[in-house]
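Reviewing the structure listed below.
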Amino acid sequence: MGKNSKARTKGFSIIAVLLMVFSLLAPAAISAEANTTAINKLSSSLVEQFENEEKVTFIVDFKDKANTAKVAGQAKEEANKANLSAEKAELSQRESVINELKATANQSQANVKALLNNNSDVEEVKSFHITNSIVVTATQEVAEEIAAYDEVSSIIPNLEIKVDEPVSESTNNLQNAEEDFYNIYRVNAPEVWEQGINGEGLVVASIDSGAQWDHPSLINNYRGYNAETGDVDHSASFFDAVNGQEAAYDDHGHGTHVTGTMVGTGDGLEIGVAPGAKFIAAKALDSTNAGYLEDMLAAAEWMLAPGGDAANAPDIVNNSWGISGATPEQVDEYFRDVIGVWDNAGIFSVFAAGNDGQTDEGTVGIPALYPEAFAVGATDRNDALAAFSSNGPSPYGETKPDVSAPGVEIVSAYPGDRYAYMSGTSMAAPAVSGVAALLLQANPDATVEELKNVLKETATPLTNKTYTEVPNNGFGHGLVDALAAVNAIAEQPEEPEVPEQPEEPAKEIERLFGHSRYDTAIEVSQKGWADDSVDKVIVARGDDFSDALAGVPLAYAWDTPILLTRSDRMLDSTLAEIERLGAEDVYVLGGPIAVSEKAEKTLENAGYTVSRIQGQSRFDTAVEIANELTDGKSEEVVIANSHKFPDALTIGSFAAQAGVPILLTKDSSIPEATANALTDLGVTDSLVVGGPLVVSEEVEAQLPNAERLDGRDRYGTNIAILENLGEDVDSLYVATGTDYADALTGAVLAAKEGKGLVLVRNIVPENINTYLSGKELEDLTIFGGPVAISDAVKEALEAILNQ
């Protein structure tokens, strides 16, 4: 059976997938003889598919994940020691990441591959090291056999991905560049070109429907084309995951249009944001603009080493596609690992937010909703938010999109040497990818994290009647501004003065981190708590942070860490850490939506007594945690916003040391559960964390004897907390102010050691620098690896520490 005829169920649309996946909590209708644990690894949507087909294509995910953040950091350090050029250092980093991925996959997948080898019930096997997974076309019996292996984490269907069809209208009558290509001008790209910065020397890529490589506006930008000789080599510049063709093509048009917005030039028109950059393309969407997850994984893995050589990897990958209407748990968080791998390989990825509009909150699609994804919303030529542009927040509590760009009636290249109007966040994302190329030309040493931060911090703030604050869940941080971003990233910070002959050895900063937020929580636990040292432990979900935030004072009072797990299941690594700690009782923060009954059952099966501290909402759960901490009475409370975590990040350790509970509120109203708790607890004094945009003055006025600690931004609030509550602290932990899990789980350790927490971003903010420089610090410890907090920031902090 060929690829297009294999049992992938062409009509198995995302709607059908979701209808099936919603039945995940129902018992799987499979053989009674199968091991219960193994049965639970098969999604019930896959089991339902097997009822109609003998052989089905499914994806086997393995538990072990390569620690690419660690090897990337090690590669950077070795490159620095060897004084390698920037180009060679980057190649070394990418090759180290790939080697670690392959080694982990080879070890994890060996037993399952042996089972599948020469098996008549198996039709096709594809191994992917980028996610440590295998795509298999086989019978249900084979799937059940695979599920019995301990190293297997889950088995899900080969999900279909359908890109929303954009509006298109072909035209060849393009005359007024500023009018026709308003998107280029709205992001201020021409002003950057005037500085001699047009993306030259950079390579951008797209995972899409392909590209007409010889379109008049694209041919000279295609990396596989030699303009001097006329020779064409597609081997390292095009990959077809759908039909396996060698020469680049586009049988839909979406990919060609996207590519034109990134780099289009020639034919007398500069239609792309970075017309000096080269492009490559991977085709993972077919002629109907649909594709399958396996094709996306194949394209994503190809991007690491096009043509088998990491030196051919692009600098930027545009992703104008997504799965709408699904939750991360329903698709097993697929593609989230890919983003992390790309980041650690030094490849910046951009994602369209989706076209599901703003009729509900949180319509942003997968994978744009992941914390690591850089999501782009769409605006029109008047900077108004497009009606179709998906909104946030994400299920992880993140503001989404990150930025916006023009996406309404965008003119770009179209197959047949034509041009077309299209509308969608698919058209907005490539404008940002193009701006990223301009930034990397302006500063080739910029890291992925620095690109993300600069794009957000220099965006032109946008609001409307619905989204009145900045950042917001409609526009994100605002309209991307190429000129402001280039000017910002090109500014090299002054080298910190380091004493030439220090009287004593220079102090070095230790890092505390793991491959993921779950692993970092374990590293924090292992640093702070010895083997067999606790009788109870707290577990919270790792994809939303309100429960963990409220739980910090309780964990400190019990002298136990907060460990994180997935909402849908208990992670083996977390389970192993509970065993190491010697706990007998496990307290789960939140109800079954936060941490599933399946995860709870896993804990019980392992012999632990499980209790839940939960309420009907995050507000109720915070109240229940407060009652557990204070026996129902507390004169003081901290009040924090339930979704906007940054301002509350640094209060956790101090609230814990003072034994003060943390209650949650909305920005403009006090939830009933919180209001009742203020009365029931007997609160006489309340401390509000964050400015009026986070907790409004109206809310503050309703709180008992309220005081507020805030600054002009999260870093200013950080300093206000440290100056008021941490005056005598001479040792600090450092965390990124752009992600929250590390800081929240680390806050318990900080409280245990009597330390505070300071926040940084892609640089040490000026106000943070001033604060630290005025302290006589004994030591600093970083929560997070080089991706979270760059080596450059670490060096700047070490300079401050040793001044």
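Cβ atoms are placed via backbone N, Cα and C, with glycine included.
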Coiled coil per TrEMBL sits at which of 74-125, 594-645?
74-125
In three-state DSSP terms, Asp208 (active site, charge relay system) is classed as strand
Tally every other Cβ atom lying within 10 Å of the Cβ atom of Asp208 (active site, charge relay system).
30
Cα distance, His254 (active site, charge relay system) to Ser426 (active site, charge relay system), nearest Å?
8
Residue pair Asp208 (active site, charge relay system), His254 (active site, charge relay system) - Cα distance, angstrom, rounded
7
List nothing but the one residue from His254, Ser426 whose Cβ has the fewest other Cβ atoms within 10 Å; the candidates are the active-site residues.
His254
